């Protein structure tokens with residue numbers, strides 16, 4: 001099956017020339033094999049008659065909307081008519097050019113047991129494309145849940161670390177505040193007043209004891225002096241008697 005494009009190489013209609021160039025350019029861009037048949041060349045009278053007799057659309061233009069005979073370009077697949085320029089352009093726009101040209105559709109796009117959707121007794125058979133789509137959605141949702149769990153775990157760790165740091169800061173502030181209070185005059189005076197009575201009592205007792213201790217020492221010294229003086233007097237008396 002060969003795509004045949006019937007054109008006019010010497011047409012004086014500019015719109016016809018532009019249409020012919022566009023059809024050939026699109027076929028080249030899509031790597032579609034085709035055969036160009038110029039109905040104005042010598043010896044192509046039979047091809048011209050075939051085109052005019054079998055074309056179902058007249059290929060009207062703006063300048064000539066209702067021509068007496070079909071205007072090129074006209075497209076055939078062998079001897080099977082495909083359409084004129086307007087139909088060709090529409091098929092290209094909606095991406096159905098292969099169907100328009102009546103070419104063999106690739107086996108991948110043909111309906112089959114793996115990619116057809118059949119409805120029977122209220123049951124729907126999913127196509128392979130739908131299955132892939134659902135599987136991809138499931139994988140994406142699982143990945144999302146895992147990411148959320150990881151983010152939640154990291155968030156909990158961050159909260160625990162922040163709470164620990166907060167507790168340490170509070171403890172440090174309390175210790176600093178306590179040490180500052182100890183240095184304040186009010187705290188010192190209060191502490192000294194609390195300690196003073198005990199010191200007074202101890203001091204009173206210690207004072208009594210200390211005052212008694214010197215008095216006893218003085219008495220002993222005085223007693224010793226008296227004993228020495230008495231001993232001297234007795235020794236002098238003994239000397240004088242001799």
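Every residue, even glycine, has its Cβ placed from backbone N, Cα and C.
Remember, TrEMBL labels are computer predictions, not curated facts.
The model shown is predicted, which means the values in this text are computed figures rather than measured ones.
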Region 'Disordered' per TrEMBL: which of the ranges 44-72, 73-101 is that?
44-72
Do any residues of this chain, six or more beyond the ends of the region 'Disordered' (44-72), have a C-beta under 8 angstroms from a C-beta of it, and if so which?
6-8, 11, 13, 15-16, 19-20, 37-38, 79, 81, 83-87
